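Asker: Could you have a look at this structure, given as C-alpha cells, before my questions?
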Amino acid sequence: MTLRLLFLALSFFSVQVTENKILVKQSPLLVVDNNEVSLSCRYSYNLLAKEFRASLYKGVNSDVEVCVGNGNFTYQPQFRPNVGFNCDGNFDNETVTFRLWNLDVNHTDIYFCKIEVMYPPPYLDNEKSNGTIIHIKEKHLCHAQTSPKLFWPLVVVAGVLLCYGLLVTVTLCIIWTNSRRNRLLQSDYMNMTPRRLGPTRKHYQPYAPARDFAAYRP
C-alpha cells in the first residue's frame with residue numbers, strides 16, 4: 001500500500017513538472033550567406049486561448065534580448081527588436097519563427113528561444129533548449145566583383161608609366177652619350193694644335209766687316 005501511494009505521488013509530481021514546462025526544439029546550426037536568417041522554434045504546448053510571450057535571446061547565458069513578441073491566436077503579435085537588431089516574426093499552433101536581417105559577422109553567436117504563458121495562470125515557460133548557433137559568413141562577393149574592374153585600369157596606368165619611364169631613360173642615355181662624344185672630339189682637336197712653349201730669342205752673330213782681299217794683292 002505504501003509503495004503504491006509513493007508511486008502515485010511520483011507519477012503526479014512528474015506530470016506536474018511536465019505540465020509546468022514547455023519543451024522547445026531548435027535547429028543546432030544555421031549558416032547565413034546573405035545576412036538574413038529565419039529561426040524556427042517548435043514548442044510542445046497548446047497555446048490556444050492563452051496569452052503568451054515569445055522571445056529570442058543571444059549568448060550562452062541569454063544575456064541579450066534580440067526580439068520579443070506578445071500575442072495569442074486571436075490577433076497576430078507585434079514583434080519588437082532590441083537595439084542593434086532587425087527582426088520580425090510569426091507563429092502558428094506549433095512553431096514561432098523569428099526572422100532576422102542586416103546581420104554581420106559580429107552577430108555570430110548562439111541563440112535561444114523562450115516561450116512564456118502569461119495568462120491565464122499559472123505562469124509557464126520553457127526549459128532552456130540546446131539553442132541554435134547562427135554563423136554569419138563574411139561577404140567576399142563584392143570584393144570579387146570589383147577586383148577585376150580595378151585590376152585592368154591599374155595595369156594600363158602601370159604600363160603607361162613604365163613606357164614613359166623607359167622613354168625618358170633612353171632619351172637621357174642618348175643625350176649623355178652624344179654629350180660625352182662631343183667632349184671627346186673637342187679634346188682630340190685641342191691636342192692636335194701645336195703648342196708654343198714661350199717666346200723664342202733670336203741669336204745674332206756679331207757684325208764683322210767683310211774684308212777685300214784683292215786690295216792687298218800686288
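Count begins at 1; order follows the chain as displayed.
Backbone N, Cα and C atoms are what each Cβ position is placed from, and that goes for glycine too.
Sharing the record's features from Swiss-Prot:
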DISULFID  CYS41-CYS113  disulfide bond
DISULFID  CYS67-CYS87  disulfide bond
CARBOHYD  ASN72  N-linked glycosylation site
CARBOHYD  ASN93  N-linked glycosylation site
CARBOHYD  ASN106  N-linked glycosylation site
CARBOHYD  ASN130  N-linked glycosylation site
TRANSMEM  151-177  transmembrane segment
TOPO_DOM  178-218  topological domain 'Cytoplasmic'
MOD_RES   SER187  phosphoserine
MOD_RES   TYR189  phosphotyrosine
MOD_RES   TYR207  phosphotyrosine
Asker: Near the Cβ of ASN72 (N-linked glycosylation site), how many other Cβ atoms are there if near means within 10 Å?
Answerer: 16
Asker: Pop the mean pLDDT for the topological domain 'Cytoplasmic' (178-218) in here, whole number is fine.
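Answerer: Averaged over the topological domain 'Cytoplasmic' (178-218), per-residue pLDDT gives 62.
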Asker: If I restrict to non-local contacts, at least six residues apart, and a C-beta distance under 8 angstroms, what lies near CYS67 (disulfide bond) in its own chain?
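Answerer: Long-range Cβ contacts: SER55, LEU56, PHE79, ARG80, PRO81, ASN82, PHE85, CYS87, GLY89, PHE98, LEU100.
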Asker: I need the CA-to-CA distance for CYS113 (disulfide bond) versus ASN130 (N-linked glycosylation site), whole Å please.
Answerer: 10
Asker: Could you state the CA-to-CA distance between ASN93 (N-linked glycosylation site) and ASN106 (N-linked glycosylation site) to the nearest Å?
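Answerer: ASN93 (N-linked glycosylation site) and ASN106 (N-linked glycosylation site) have their Cα atoms 33 Å apart.
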Asker: As a test of the contact definition, list every same-chain residue at least 6 positions from CYS41 (disulfide bond) whose Cβ is closer than 8 Å to its Cβ.
Answerer: VAL24, LYS25, GLN26, ALA54, THR95, VAL96, THR97, PHE98, CYS113, ILE115, SER129
Asker: Taking only the Cα atoms, work out how far ASN106 (N-linked glycosylation site) lies from ASN130 (N-linked glycosylation site), in Å, as a whole number.
Answerer: 21
Asker: Which residues of the same chain, at least 6 past either end of the transmembrane segment (151-177), have a Cβ under 8 Å from a Cβ in it?
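Answerer: For the transmembrane segment (151-177), there are no nonlocal Cβ contacts.
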Asker: Name, in the order they occur in the sequence, the residues of the same chain whose CB lies under 8 A from the CB of ASN130 (N-linked glycosylation site) and which sit 6 or more residues away.
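Answerer: Residues satisfying the criterion: GLN26, PRO28.
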Asker: On a count of neighbouring CB atoms within 10 A, which of the disulfide-bonded residues CYS87, CYS113 is highest?
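Answerer: Of the disulfide-bonded residues CYS87, CYS113, the most buried by Cβ count within 10 Å is CYS113.
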Asker: What's the number of neighbouring CB atoms sitting within 10 A of the CB on ASN93 (N-linked glycosylation site)?
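Answerer: Result for ASN93 (N-linked glycosylation site): 10 other Cβ atoms within 10 Å.
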